[in-house]
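K.L.:
Feature table excerpt (TrEMBL):
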ACT_SITE  His113  active site, proton donor
BINDING   Gly16, Ser17, Asn18  N(1)-(5-phospho-beta-D-ribosyl)glycinamide binding site
BINDING   Arg69, Met94, Arg95, Ile96, Leu97, Asn111  (6R)-10-formyltetrahydrofolate binding site
SITE      Asp149  site 'Raises pKa of active site His'
Amino acid sequence: MNNSKCHLMLMASGTGSNVQALIDAVNHGQIQAEIVGVISDQPQAAVIQKAQAAGIESFISQPKDYISRKDWEQSILDFCQARSSDLILLAGFMRILSADFLQHYPQQVINIHPSLLPAFPGRQGIKDAYDYGVKITGVTIHYVDDGIDTGPIIAQESLKIDPNWDLAQLESHIHQIEHQLYPATIEKLIQEKLI
């Protein structure tokens, strides 16, 4: 890292509850870092309003607005590099980043996933675990590679599923874990200087 504070770039496609948890953790001193931007591929995503409310610069970049995937990823890369991003944190970003993009930030792009990977990768990890009937699920923080939820695992936390829970209750419990585990894991990485 070039500066005393780690520069975090956040990427999300939806409501941004994990983005809000990271913003809150930075604001309360639980993460010794500065959030330098929020990127979304969805112009109507609630995460944009969360960034604006926190006074964080946001950038909307949709693949359809570019001639190629490479051009789209270059727009994101330019935004990240112009803000000296040290870590790029995916928080419900529903697009795959290519190996070409990731080579610019080796072991610096991190994702949170709502299952105990390698079980239940993909968009519906909570629902898939619930439908399968597993007794234990959880949350995984991992480095991003060019696969789908296949990068090296950094941290995991398990959750025993109460058989009386419906899907919404399970989702709520998973989100509670996410909102604690993601900030704690990022702060640990920063303190251990593993980035």
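Glycine too: its Cβ is placed from the backbone N, Cα and C atoms.
TrEMBL: automatically predicted annotations, no manual curation.
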K.L.:
Select the closest residue to Arg69 ((6R)-10-formyltetrahydrofolate binding site) from the following binding-site residues, measuring between CA atoms: Gly16, Ser17, Asn18.
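P.N.:
Answer for the nearest of the binding-site residues: Gly16.
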K.L.:
Which chain neighbours of the N(1)-(5-phospho-beta-D-ribosyl)glycinamide site, leaving out Gly16, Ser17, Asn18, have a Cβ atom within 8 Å of the mean position of the site's Cβ atoms?
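P.N.:
Here the nearby residues are Ala12, Gly14, Thr15, Val19, Gln20, Ala21, Leu22, Val47, Lys50, Ala91, Gly92, His179.
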K.L.:
Sequence gap of 6 or more, C-beta under 8 Å: which same-chain residues meet both conditions with respect to Asn18 (N(1)-(5-phospho-beta-D-ribosyl)glycinamide binding site)?
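P.N.:
Once residues fewer than 6 apart are set aside, Asn18 (N(1)-(5-phospho-beta-D-ribosyl)glycinamide binding site) is near Ala12, Ala91, Gly92, Ile112, Glu178, His179, Tyr182.
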K.L.:
What does the structure give for the C-alpha distance between Asn111 ((6R)-10-formyltetrahydrofolate binding site) and Ser17 (N(1)-(5-phospho-beta-D-ribosyl)glycinamide binding site)? Integer Å is fine.
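P.N.:
Cα-Cα distance, Asn111 ((6R)-10-formyltetrahydrofolate binding site) to Ser17 (N(1)-(5-phospho-beta-D-ribosyl)glycinamide binding site): 14 Å.
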K.L.:
Would you count the other C-beta atoms found within 10 angstroms of the C-beta of Ile96 ((6R)-10-formyltetrahydrofolate binding site) for me?
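P.N.:
There are 13 of them.
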K.L.:
Could you give the Cα-Cα distance between Met94 ((6R)-10-formyltetrahydrofolate binding site) and the residue listed as 'active site, proton donor', in whole Å?
P.N.:
11
K.L.:
Most Cβ neighbours within 10 Å: which of the binding-site residues Ser17, Asn111 is it?
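P.N.:
Compared across Ser17, Asn111, the most Cβ atoms within 10 Å surround Asn111.
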K.L.:
I'm trying to understand the geometry here, so how far is the Cα atom of Leu97 ((6R)-10-formyltetrahydrofolate binding site) from the Cα atom of Gly16 (N(1)-(5-phospho-beta-D-ribosyl)glycinamide binding site), in Å to the nearest whole number?
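P.N.:
A Cα-Cα distance of 19 Å.
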K.L.:
Mind telling me which of the recorded positions Arg69, His113 has the densest Cβ neighbourhood, counting other Cβ atoms within 10 Å?
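P.N.:
Of the recorded positions Arg69, His113, the most buried by Cβ count within 10 Å is His113.
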K.L.:
Report the nearest neighbour of Arg95 ((6R)-10-formyltetrahydrofolate binding site) in space among the recorded positions Gly16, Ser17, His113, Asp149, comparing Cα positions.
P.N.:
Asp149
